[in-house]
Amino acid sequence: MAGVVLETLSWKKLIALGILLLLLLLSFFLIGGLVAPNPSNVMVVLGTKCLRKGSHMQEEWFIPFGGNEKCDSINSVDEDRVYDEGISANQIVFSFWLPYMRDGKQLDFSRWQQMLLTVMQLDIQYDPKFPMVKGNQYNCSLLAFFELGSLHYDYYLINVRVPVEPYKGINMEIGSLMDIWVIGIHQNGGFTKVWVSIKTAMFPIVLAVLIWFWRRIMMLTRPPNLLERTLFSLGIAMSLLNLPLEWLTLAVDMPFMLMINDIRQGIFYAMLLCFWIIFAGEHIMDQVERNRLKHYWKHLAAVIFGCSCLFIFELSERGVRLTNPFFSIWITDVGTKLALSFIILAGIAACSYFLFLCYMIFQVFRNISAKRTTLPSMSSARRKFYLGVIYRFKFLMISTLFCAALTVCFFIISQLNEGQWKFMDQDLNLEYTSAFFTGVFGMWNVYVIGLLCMYAPSHKNKPMETDETSNEEEVQLTHLPSETSSVQAFAAKAAAD
Amino acid sequence: MIKLKKCLDLQVVIILIWVLQSFVVNAMDMWWNLGVVGGAEVWRNQKVYILGAQPMCSQLKGLSLGQTKLCQMYHDHMPSIGRGAQLGIRECQYQFRFRRWNCTIIQGDSSVFGPVIEIASREASFTHAISAAGVVHAISRSCREGELASCGCSRALRPKDLDRDWIWGGCGDNIEYGYRFARAFVDVREREKNHPRHSAELSRMMMNLHNNEAGRRSVYNYAKVACKCHGVSGSCSLKTCWQQLPTFREIGDRLKERYDGAVESKFNKRGTKLVRKYKKYNKPTKEDLVYLDESPDYCVVNPKTGSLGTVGRECNKGSDGMDGCNLMCCGRGYNTFKRKLVERCNCRFVWCCQVKCKTCESIVDIHVCK
């Protein structure tokens, strides 16, 4: 293994680079917290109960408000008019217009708002025939309604009918349905703007660093080793995630964007997990010659298996929604079981992955401490080699742990923040959830940039010895640990005797 | 000539008095009137509506000067306020159906509940709170229906006009708008006059303001927060929450609890603020109800306090509670009648309308206070 930039960099430069990256990281959090609004917002719409007349087979749309187009509506299903005119359940249509009026103005959706997810809430009046809870309304749980991956149009009109079929028993004993609420969740345009700007800014930067990294490797006389290739793929996955495809949604209807984003994110995290395994494996410092993918098949299989489980789950939820936005895998029993089994399998894969990873890191640390004891007796070149390996490993370990801890902390903060509702809190200006998203996104960008810079092969201070001698030394070195351990074992045995 | 001039003078005076009368609102005229049948009916009449809000708002009974102004500015809110008042009155009658005072509406009285509310009692505090809560509830609901023109949008700091506001950060929730409008509308009648320190009017004003606030908060604070996860693959990495309006029965139940634990108050030494009368009780929070005077005796008819008495009220023979015949009839005893009860039964249950039922008849004993 040749030296990397990290080892040859002076402390001054390293600190300067570290501070630069930290500042970049901080600015990501601040952009999210101060500039961007909350990632998504909600709109609660109460259905207007329109009356339909004429034949039931007629296809007809009912508009809840407006001048002449407004449908004939009733305020409540138990008002006098319903009894006087003999209105039947089949004549009532719940009509929703998204988005509704505000401040005397008819709002329209913007394509910046990216997606619309709706949930339905039914208000069912308490009936003494079905005593479940006291009170005048049942406490019904929410129903998933539909999900649109793109907000291409300005308005959406929703008509809901609850037709009654007495002979088939459809919609017969659901209780007295007073109201239907539709809760629409959309991404905020401001958040999209900030998010896309970050992506647009980061994409060329990461790409430039990636090209620089690859050129350095190409300049070497030897072919790139496994670690370098993995790092390069990690950079590609990051660039893929950075690619600001969202610009296209402003012009083209792309309902598959939600899925593409999920998949891009999945690829990146899978790559990151693979990278950690390979990095740890390449730093074990035992005599096994790795540098080949097939040595890691167990670990990588866990990652790939877990990810493909999640991918199938994604396809069967968001994928099906591309053709039927009302679909949800969770509504049928079989679907729920299927979805749960995929998630559990992915969870098992994740657990086994982490066990592998922990075991590998444990091996590395054991070998490091074994090496430490023998360091003084080594030749200077050898010592330098091992010190380099240990230093590289520790640096990555610390920075990864730092990133992971930051992610977890921010995730907890934003989750805690979300559940509470603040009443007329004027002075609160920090959006934790946005800060979490931009911050974590920026953090992995910084992480990847840092890795590509630090772990690129160095040109300075090339070892004096030729490759052959260093190889020779490596071979010699590999015998050392086993010898010492046998000596130690012997000593221990002697002591026990 | 002289005679004629006198005549004219008289006419002027009469007109003046008439004008004054139409502006000076009786202290106990209440906007709750809008909730009584016929109170807000004016609004249903489309012809009058076209004429404009101005004459309409002065026709409505029970509005104070400031409320009339608000009515003119936000005339589309008035049906919601009427619904809110109605909600409050109905809920009050439900909560107090087993009490000696049962929230009776006195027909033709512009204060709705009659002179009994003039006493700064627990009952008065409850009526103020529940009707304020009714307005918050009704306005928030109408907002969500897209019915009102002025329901606000987000209070985002950056963009200033509505369209950009909406695209940038979406619109905020409507319960807050309901709260704000109710605060403006309900409290304005209390704030119209200045009262000297230590005066009974000031103490009553402060009591009403406090109870109105308690009522409004009961809607806001008991709104349930519901959340939906919609992160990567629908995971909870991204969660959006919103408020569900509590049902008005829940609000009524909470306020009834507050009524039971209402705090008796008096002026502080400077005569500017209300403090609790007995130090052994907890300080009233913003959600607690406060009252100043003990309730009058509701057992017997008393034109002075406005109590209607419990003669003729139905009571429950087996109960030990307030609805029991012993307590309800204040020991005067009761008469028992037989009544034929016609009920709908064996109903075929469809979610709306067309409920086909049989009618079942049964004979029950009714106990009525002497």
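Backbone N, Cα and C atoms are what each Cβ position is placed from, and that goes for glycine too.
Quick look at what TrEMBL annotates:
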DOMAIN    A:48-133  domain 'Wntless GOLD'
DOMAIN    A:134-187  domain 'Wntless GOLD'
DOMAIN    A:188-459  domain 'Wntless-like transmembrane'
TRANSMEM  A:194-214  transmembrane segment
TRANSMEM  A:226-245  transmembrane segment
TRANSMEM  A:265-284  transmembrane segment
TRANSMEM  A:296-313  transmembrane segment
TRANSMEM  A:338-365  transmembrane segment
TRANSMEM  A:385-413  transmembrane segment
TRANSMEM  A:433-455  transmembrane segment
REGION    A:463-497  region 'Disordered'
COMPBIAS  A:466-475  compositional bias 'Acidic residues'
COMPBIAS  A:479-488  compositional bias 'Polar residues'
Mean of the pLDDT scores, which run from 0 to 100, over the domain 'Wntless GOLD' (A:134-187) = 85
Chain residues outside the transmembrane segment (A:226-245) and at least six past its termini with a C-beta under 8 angstroms from it = 196, 199-200, 202-203, 206-207, 209-210, 213-214, 217, 254, 257, 260, 264-265, 267-268, 270-272, 274-275, 278-279, 282, 290-293, 444-445, 448, 451-452, 455, 457
Key: Surrounding residues of the transmembrane segment (A:433-455) on its own chain - C-beta under 8 Å, 6+ positions past either end   = 4-6, 9, 17, 21, 24-25, 27-33, 36-39, 191, 194-195, 198, 202, 205-206, 209-210, 212-213, 227-228, 231, 234-235, 238, 242, 268, 272, 392, 395-396, 399-400, 403, 406-407, 410-411, 413-414, 417-418
Positions whose Cβ lies under 8 angstroms from the transmembrane segment (A:296-313), at least six residues beyond its ends = 263, 266, 270, 273-274, 277-278, 281, 290, 329, 339, 342-343, 345-350, 352-353, 356-357, 360
